[in-house]
Amino acid sequence: SMGLWLENPLNVWLAGMDPFYFHSVNVILHCLVTLILMYTCDKAVFKDCRLAFVTALFFAVHPIHTEAVTGIVGRADVLACLLFLLAFLCYNSVDQLYVGEHFPPTASPFFLLLSLFLGTCAMLVKETGITVFGVCLVYDFFLLSQNRLKLQSGGVQQKIARQSVTSSPACLQFPSSNKENGKHRLAHKGTWNSCHPASPEEQQSGSLSVSNKAVWYNVLFKSETTTVAFLLSLPKVVLVLYFRLWIMGGSMPLFSEQDNPASFSPYLLTRFLTYSYLLAFNAWLLLAPITLCYDWQVGSIPLVESIWDVRNLATVFLAVVMMLLGLHCMAAFKKREHKEVLVGLLFLVFPFIPASNLFFKVGFVVAERVLYMPSMGYCILFIHGLNKICTWLNKWGGSTLTLSALLLLLYSWKTVKQNEIWLSRESLFRSGVQTLPHNAKVHYNYANFLKDQGRNIEAVYHYKTALKLYPRHASALNNLGTLTKDLVEAKEYYRKALQLNPQHNRALFNLGNLLK
């Protein structure tokens, strides 16, 4: 990706080809993402800084991040997530309510343009970064609607009136910071021209009039800002997407059947059921990252070819959960409560859309690194649900802290184990064979490693196992031919490989070298 193209030369120039520094940069970026996520949760999600801290802590130690942080190629996902959060924060700065005497604008063109720039950079680093524009616009739409509900109910005016009644005399009133719901907000300026306190009646009537005009001005100006942001972002997104297509030769990447078998199925029902089940499977990886592997390609997840397949129950269960979360989000919106479920769903769903096969084919069945960004939404929803359950049971205290600590320990232990697996090629490839023995790709990769180490007998076994699981694996046939001492058998392997892939250069060379 473009992010790796820009960052790796800098990494090489600063530290050479030492892998330690490549991994160090990834870890530093992951720490930055964690800190900014905690700030985002405290600013735009929770009303309790403790919940924001625990959310960031869960995100920091989640085992699903091992591939993105440990693998150098995963830097694109981590960097795109960092830019994603920064773009969201810049756009969210437009949403700050300011009520003053002269009704100043609530939006900063600088932050709006900075948000567009950061979102574009996120898209250039990783295609999933484009989803930040959708997240910002949907979040903004709900926020505007919520402000209108507050205005219609009169809650904002009454609140400002109460603050004005209890305010100090204007000549003694300085801009101060008061804390409301765990957040610091600027107190609105008083009238600096007079040193005489106004009467309570004048204060109440004046504040109601000013607040009414200010809030309406804020809502209308914010609506115009949203429209302008959309009009600015849409052509820019189209232009950058066209630029990416131009770089790739004007066409989308081509994938083989072993990369994504469901995409090559001729049956619409099979594709629909399999894609739907993969959504549930990815959700399960976020919730319970027990079985993790560096490669989820051929044979890892069999196709769902019938509606009677028991795995469809997982799809139905996920649909029910998402529907309930949506209803809960709407109920919280109508009650004008805080936005944990809204932001959690936006962060969970939108970044995963490019990997869902809904709009175009992707080159994988499951890829753990693409869950790096959606895991932010999962952590927000998980902590919000845990807090709700404990509040309902009236057990916020030792039991909640104990449960949170236990889950953090389990996640941390699994993350440590996954990092041990990624220490070397042998441990990584061997773990793939042990975890997914029906995956032809992991057997092929492990056989390649064994071949490089001169362990030919073991390599032949894993090549043949890969061919049993996926008989159309041309590269496995070619490599098996290079290890076969029987020339007639080797010639047959090369010819089979060329029948499957006539453009296989190595098979052509090996067969020609054998026939000379």
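From the backbone N, Cα and C atoms, a Cβ is placed for every residue, glycine too.
TrEMBL: automatically predicted annotations, no manual curation.
Per TrEMBL, domain 'DUF1736' is recorded for 250-322. Summarising the annotation, TrEMBL assigns repeat 'TPR' to 440-473. Look at TrEMBL and you will find 20-39, 51-66, 72-94, 106-125, 228-247, 268-292, 312-333, 345-367, 396-413 tagged as transmembrane segment.
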Contact count check, CB pairs under 8 angstroms to the transmembrane segment (51-66), set 20-39, 268-292, 345-367; argmax is 20-39
Secondary structure split (DSSP) over the repeat 'TPR' (440-473) reads 27 helix, 0 strand, 7 coil
Averaging pLDDT over all residues of the domain 'DUF1736' (250-322) gives 88
